[in-house]
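Visitor: Dumping the structure here so I can ask a few things about it.
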Amino acid sequence: MRKISVFDTTLRDGEQSAGVNLNFEEKMEIAKQLERLGVDIIEAGFPASSQGDFQSVKAIAETVKGSSVTGLARSVQKDIDAAWEALKSAEEPRIHLFIATSPIHMEHKLRMTPEQVIEKAVESVKYAASRFKHVQWSAEDASRSDFPFLAQIIEAVIQAGATVINLPDTVGYTTPQEIKRMFQYMKQNVPSIDKVSLSTHNHDDLGMAVANSLAAIQGGADQVECTINGIGERAGNASLEEIAVALNIRKDHYETETGLILKEIKRTSSLVSKLTGMVVPNNKAVVGANAFAHESGIHQDGVLKNKQTYEIITPEMVGVSSNSMVLGKHSGRHAFKTKVQELGFTGTDEQLNNIFKAFKDLADKKKEITEDDLFALMTEQTVGGETNHYELQTLQVNYGSNLTNTATITMKLPSGEVAEEAATGSGSVEAIYNTLERLLDAPVKLLDYRIQSITGGRDALADVYVQMDYQGVVSSGRGTAHDVLEASAKAYLNAVNRTINRKKYAEVYGSKVEV
């Protein structure tokens, strides 16, 4: 059965989603989870784009050994040099070069003739191949390119040393029939095509990214590029979990397989959703909250008699536990440590102690601690390594239907002093945020506020996501707590601390903070 390589670009193309700005610890945590998922290649970022991206790509390349790590580069020498410096310590250093090949891109964006584009592509591939054993070359906007020209430039870059050829549907324009024909055309018209692997990369502007990816595989693609939860620029990218499960469930049709560990899919999806702040829709295939829910009485009756009547995917296949209660207030440290290690924890003893303390605090308030609860507590610790300049000490809110909502907060300041302030608002959250703004003594513009429960039930943990403009920088923050108001305050301060850390990072490395 033909093996399909899975190329995950969550940390590069996925991070280009509007409002997503992952910090160093968050990128590392996602990369380690992608390794546990079994992806073949992790596109860790664009090393030449910023010092922050360079450092995170370098760290991921040095840490991750179970998956190959790659970075994006334009067809210019300085980008290739930056990629090499970031990736040379990787287990299998590889680079991802690109240049546009469609008439509209060549004329209006590149302002180059087709001949100049071929020359530039060949020059960059030769230079990259002198350092990297694996050179992937992408024809940006391939689906809107002239096929004879595309075949010509592909042959040229193969001769120059490319080992993987990627044909992206950059703007989500093509259809399954068209993309299959494109791959078949290249297989038939590029003399050296059998010397390389073919890759597909599809965007979801017309809602066909997954369908196009599967059609490309039928047309001869050996590698599929995708993101967790389908996140990405504009309408997003092809969804890794949907492609992976489709290839698994329909092996009879596609006659291919991947090396993914499917039971890690739900955990990976939840992690990416939490760290990016991009909520997974309830009706999302494979990982949505309703993916295995049956409302119709006829459907429920059928599932009770035989699950296969209406469930082609079992929850267990993708890591959705049917019995999610795992620990309680009387659980000991050994059982706790075993469970968090099962969930993928690889942190320090100090982090483990902090998670155990948070677990015990939660267990006093919540009778049943689920895997989702534990995973949320674990994530808070493993990606919370940034300096907290402002720390919430106490929070008290007075609320009543006929009263003025008032919040009183004590907070530890960067100086080490503890300050107290109070303010009112039309609602409890507004009162909290008005109080925090007074303590910060700086204007804050709240751009987005979202809340969701991590598990069901009235005692569920709350997860709050905010996006704000603070000191001219747009940052996001997250907060998790048993109480939604406490989670709201934590999310606010998390965003503030992230802004300060980003500015300090920029001062050290001389890189511009994007506004």
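From the backbone N, Cα and C atoms, a Cβ is placed for every residue, glycine too.
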Visitor: Just to be sure I read the record right: His201, His203, Asn237 are listed as binding Mn(2+) in Swiss-Prot. Which of Asp13, Asp40, Asp53, Asp373 is listed for the same site?
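Guide: Looking through Asp13, Asp40, Asp53, Asp373, the residue Swiss-Prot assigns to the Mn(2+) site is Asp13.
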Visitor: What residues, ordered by sequence, lie under 8 A Cβ-to-Cβ from His201 (Mn(2+) binding site) and sit at least six positions away in the same chain?
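Guide: Phe7, Thr9, Ser138, Asn166, Leu167, Pro168, Asp169, Thr170, Glu225, Asn237, Ala238 - these are the non-local Cβ neighbours of His201 (Mn(2+) binding site), listed in sequence order.
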Visitor: Show which residues of the chain containing His203 (Mn(2+) binding site), separated from it by at least 6 in sequence, have their CB under 8 Å from its CB.
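Guide: Listed in sequence order, they are Pro168, Asp169, Thr170, Val171, Gly172, Ala209, Gly232, Glu233, Arg234, Ala235, Gly236, Asn237, Ala238.
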Visitor: For the binding-site residues Asp13, Asn237, which Cβ has the most other Cβ atoms within 10 Å, all shown protein chains included?
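Guide: Output for this query is Asn237.
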